[in-house]
Amino acid sequence: MKTLLLTLVVVTIVCLDLGHTLLCHNQQSSTSPTTTCCSGGESKCYKKRWPTHRGTITERGCGCPTVKKGIELHCCTTDQCNL
């Protein structure tokens, strides 16, 4: 718990030092929630979901990628909007 709190504080400080940058969740469905500051003036976060034989996979990150047919994509423009 302390590690997670420290990580969030560090990410917040880094984001504030760089000016207003977008903060997005960046984990896959099988991992614990994490966030990242988007670089290069990126202005969108995404959540991508697709079915597999073992269940639905969810991937999150910065940007708004092009996806193949059958993959659900949600792009958004506010901090941590891709949960």
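Count begins at 1; order follows the chain as displayed.
Every residue gets a Cβ built from N, Cα and C, even glycine.
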Pick from Cys15, Cys37, Cys38: which cysteine does Swiss-Prot list as forming a disulfide with Cys62?
Cys38
Just confirming the record: what cysteine out of Cys45, Cys64 does Swiss-Prot connect to Cys75 via a disulfide?
Cys64
Swiss-Prot annotation, disulfide partner among Cys45, Cys76, Cys81 for Cys24:
Cys45
Count the Cβ atoms, other than its own, that fall within 10 Å of the Cβ of Cys76 (disulfide bond), considering every protein chain shown.
16
Write out the long-range same-chain contacts of Cys81 (disulfide bond), meaning residues 6 or more apart in sequence whose Cβ is under 8 Å from its Cβ.
Cys24, Cys45
Below 8 Å Cβ to Cβ and six or more residues apart, same chain only. Which residues does that give for Cys75 (disulfide bond)?
Lys44, Cys45, Tyr46, Cys64
